[in-house]
Each structure stands twice: as structure tokens, then as C-alpha cells.
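Participant: Let me give you the structure first, and then I'll get to my questions.
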Amino acid sequence: MSTTEEQYIKANENYVKNLEPERKDLPLKPSTPVRRLGVDSQPCNNPNLACTPQVIIITCMDARIVPSQALGLAEGETFVVRNVGGRTVEAIRSLVIAQQFFGTKEIIVLHHTDCGLLRFKDPQVHEKLKANPPRKNVPIASTVDSMVFLPISDTQVTLKEDVEFLKGHPLLYEDSQITGWIFDVKDGKVTKVI
Ligand SMILES: [Zn+2]
């Protein structure tokens, strides 16, 4: 076992030791307590909590973002889908499952400043892969050319496009509450854009 893996295990031992007892009984279905959001309540699967409908956050894999903490949501209170850029076209599979099996109607698209996807376009990734293929003697040209990496030119424009994509998606409920926000990686501030 590597030193890093040993560190993960040691850190996890502390994590397990310090877990709140209630944490062990968290339900599979997230529920967002009204005490945090201060909005109208409706019944949920935890009889001890008044809950809003569940929330699903779609955001970038950027390590500077802990989306639940940024929005004041604790463990067990929100679904989170992450991919590079927080692009909704890549998240659609998870969104459909969240709606069909958990009834999640509130969808927060959380993009951010200084995203890595602002730094390149598809041809650059294609050229990089072809110039130095990850596996030796395995042809990849056609696979590479067929892949899109969903780069971003303007954060606000892409955020609006991603929200509109979900609003028009035939597999999502028409009455879904879908909003777009930007997280500032410098100061942690979130701003609602759409
Ligand atoms: Zn990013």
C-alpha cells in the first residue's frame, strides 16, 4: 500500500470516529431541512425534520469547490453531480434518475470563475491525445475525433445555455425549478445568474 493510501485510511479512521450518531441513519433520499433554507415545508421521509423537496447540484470537478458547503447543505441533504465544467449535457443521466426515483425537482447548475474549460478548445485536446496516445500500439484517431470535451468560451453564456438545455429536455419534468449560479473561486461567493 502506498503512503498516500495509508494516509487516506488513517484520515478515514478519524472520520468514522467523529461521525455524529444521526449520520448513521441518513436516508438514501436526500432531504433539505427548512431550518437551513427558510422556505415552505412539505413532508419528507424523515419524520423529525420538515423538509423542502430535494435538490440536485451540478457543478465542476474543480477541487476548489465544495458545493454543499457553499450553499449551506449538509450530508444527506443534496445530490451532487460533478464533471469538468459542470456541463449539463453530461449530467442528464443522473438528473433523470434523480427525478424518476427520488422526485427531485430543484436543479442548481453551479458553474464557476477560472474554470479549466476556458483554457482550451476541442482541437487542442484532440491534437494532444494523438501526439501522445495514453496506450502504445492502440489506434485512437477515430475515437478522439468523435469526442467533444465541451469547452467554455464565456462562463455566463455557457451557464445560460446549460440551464436552457435542461429546461427544454423532454426527459425532465416541465415544472422543474432550474437555476444557474456562478461560484467565485477567489472568495467563495455564489451569484444567481438565471
Ligand atoms: Zn471548472
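Note: Cβ is positioned from N, Cα and C throughout, glycine not excepted.
Here the structure is a predicted model, which means the values were calculated and not measured.
Here's the feature list from TrEMBL:
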BINDING   Cys60, Asp62, His112, Cys115  Zn(2+) binding site
Participant: Which residues does Cys60 (Zn(2+) binding site) neighbour through Cβ under 8 Å, counting only same-chain ones at least six apart?
Facilitator: Arg82, Asn83, Val84, Gly85, Gly86, Leu110, His111, His112, Cys115, Gly116, Leu117
Participant: List, in sequence order, the same-chain residues at least six positions removed whose CB sits under 8 Å from that of Asp62 (Zn(2+) binding site)?
Facilitator: His112, Cys115, Gly116, Val185
Participant: Report the residues of the chain - excluding Cys60, Asp62, His112, Cys115 - with C-beta within 8 Å of the mean position of the site's C-beta atoms, for the recorded Zn(2+) site, in sequence order.
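Facilitator: For the Zn(2+) site, the extra neighbours are Thr59, Met61, Arg64, Ile65, Gly85, Gly86, His111, Thr113, Asp114, Gly116, Leu117, Phe183, Val185.
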